[in-house]
Amino acid sequence: MMTSVSDFSARTHPDTICLFDVDGTLTPARLEISKEMEQTLVELRKECIIGFVGGSDLSKQVEQLGPNVLKNFDYCFSENGLTAYKLGEQLASQSFIGYLGEERYKKLVNFVLRYIADLDIPVKRGTFVEFRNGMINISPIGRNCSHPERNEFEKFDLEHKLREKFVVALQNEFPDYGLTYSIGGQISFDVFPTGWDKTYCLRHIEHENFKTIHFFGDKTFKGGNDYEIYSHPIVTGHAVTSPLDTQRILKELFF
Ligand code: M1P
């Protein structure tokens, strides 16, 4: 008899879940998943429950992980789990604007846009603030820059610490907002209520009582956006250096 993928009990280890960061862990940064990684995940799903937890919104994860992402993973956690799906069904969640309120949000976004207007950087494009469900994403160059422009910005930022200085300015301006600023990618940083980091997604699985929760991420150092979930007491964290490294560790653990 065929067993359905939705039947967790049919997996070899039904009490184990593997959660993956996306950029740098399942795919190269902002690029598509490889055929080899896709096949590894198909095999892994026979062994245990699988999910991803990324900072980006779902539309970007669909670009990277493919149009069938909601079918291919048991759990899809976008924006750290503020947008969440189990077996293709959306789970209830909270929103950034609900947390902050329109008035406080307006002050924040006005400050951000003024700050960016005064920044003297070589290239500026568009979409400086991306409003998402569970967070906002702020990019001094603008999110719709090209791939070469994003690589150039990353180098420029490494030298000039633009994003770090921007975060300090926001912390000083809004000390009572209860926000966390997380520099997870190449051209931007995420802003979300403190505690709504990647550990947020664990709320969606806690009732499943998994015995082992593996997490794989490449930004597991303190200050990186994988740090909190990687070091969470109920999580077995794996620091990876690339998607190939993720596959190597999976082979050691499961195949
Ligand atoms: O997944 C890491 C980050 O990826 C993107 O960052 P950037 O565009 O700066 O490389 C963003 O989607 C960001 O929200 C996310 O945390």
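From the backbone N, Cα and C atoms, a Cβ is placed for every residue, glycine too.
When Asp197, Asp218 are compared with the Mg(2+) 1 site residues Asp21, Asp23 in TrEMBL, the one appearing in that site is Asp218.
The binding-site residues near Asp21 (active site, proton donor/acceptor), taking a 10 angstroms Cα-Cα threshold over the set Arg30, Arg132, Arg150, Ser188, Asp190, Asp218, are Asp218. Taking CA atoms as the reference points, Arg150 (alpha-D-mannose 1-phosphate binding site) and Asp23 (active site, proton donor/acceptor) are 14 Å apart. Under 6 Å, Cβ to nearest atom of ligand 1: this is the test, and of the recorded positions Asp23, Arg132, Arg150, Ser188, Asp190, Tyr230 it is passed by Asp23, Ser188, Asp190. A strand conformation is recorded for Asp23 (active site, proton donor/acceptor) in the three-state DSSP classification. The Cα atom of Arg30 (alpha-D-mannose 1-phosphate binding site) lies nearest to that of Asp23, taking the recorded positions Asp23, Asp218, Tyr230 as the candidates.
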